[in-house]
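First comes the structure, then the notes that go with it.
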Amino acid sequence: MDINRWSLQGMTALVTGGSKGIGYAIVEELVGFGARVHICDIDETLLNECLSGWHAKGFEVSGSICDVSSRPQRVQLMQTVSSLFGAKLNILINNVGKYILKPTLESTAEDFSSLMATNLESAYYISQLAHPLLKASGNGNIVFISSVTGVVSGTSTIYGVTKGALNQLARDLACEWASDNIRANSVAPWVTATSLVQKYLEDEIFAEAMFSRTPLGRACEPREVASLVTFLCLPAASYITGQTICIDGGFTVNGFSYKP
């Protein structure tokens, strides 16, 4: 067996929003497979706490403050990444996202602008800025962290629109940038047990509504998302591009009221 197919040794990665939840798990998984990782986050205190913890473990992780919804800060971020990694980048994980759970008639123009800027605009322009670095690496990979609500209807139209757009962006970039040896895929998790979601998981009514139609009958764990994301970046996944892969415990394929 060629073990290099299952290694990220010598590769570089940028993970946006890497200091908590799914992003944090992705960082640890990428490092575990040998990658050098740079993260960005808007929370300086949390970022520094994570970096201290990782450095204590001997992980090669660096970080910088960035509000990805800000164009100047996105440009500065990519300049930093270029300087750190010798103008080359193998892996870009567009992980940053937020949600505002409102139905259409209750959503405001401010809600729309905020979600579009953070969830979609940031991923679009960071990918654009990263293109020269990804191309220069000779083996570029982009993974968008989407959501099941970008595949099937959910409880927030704006949030779902941003995530559905990420899925389409993965398809478009997969075709447009294939000649530059850049792959692009989207990972669409179902409800994931992060600190932000934990309060909802403790609500029995919410949990019943979410998991009564989920064959595996539970929330996804951040490390489970991280495993899929990392696999897509491995040489072993070199023929996978333009895909949206749901990691949802069977939720999107359950066509009847299944009770786990």
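Easy rule for this one: first residue shown is 1, then count along the chain.
Glycine is no exception: its Cβ is also placed from the backbone N, Cα and C atoms.
Taken verbatim from Swiss-Prot:
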type	residues	note
BINDING	14-38	NADP(+) binding site
BINDING	S147	substrate binding site
ACT_SITE	Y159	active site, proton acceptor
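Under the three-state DSSP scheme, Y159 (active site, proton acceptor) falls in the helix class. Of all the binding-site residues listed here (I22, I26), the one with the fewest other CB atoms within 10 A of its own CB is I22.
According to DSSP, I26 (NADP(+) binding site) is assigned to a helical segment. Taking the C-alpha positions, the distance from G18 (NADP(+) binding site) to Y159 (active site, proton acceptor) comes to 20 Å. Rounded to a whole number, the distance between the Cα atoms of the residue listed as 'substrate binding site' and I26 (NADP(+) binding site) is 16 Å. Cβ neighbour counts within 10 Å, taken over all protein chains shown, single out G18 as the most crowded of the binding-site residues L14, G18, G34, H38. A 10 Å cutoff on Cβ-Cβ distances gives L30 (NADP(+) binding site) a total of 26 other Cβ atoms nearby, all chains included. Calculated from their C-alpha atoms, the gap between L30 (NADP(+) binding site) and S147 (substrate binding site) amounts to 21 Å.
Of all Cβ atoms in the shown protein chains, 23 besides its own fall within 10 Å of the Cβ of the residue listed as 'active site, proton acceptor'. A Cα-Cα distance of 23 Å separates H38 (NADP(+) binding site) from the residue listed as 'substrate binding site'. Counting only the Cα atoms, the space from L14 (NADP(+) binding site) to S147 (substrate binding site) is about 20 angstrom. In this structure, H38 (NADP(+) binding site) is part of a beta strand by DSSP. On a Cα basis, I22 (NADP(+) binding site) lies 17 Å away from the residue listed as 'active site, proton acceptor'.
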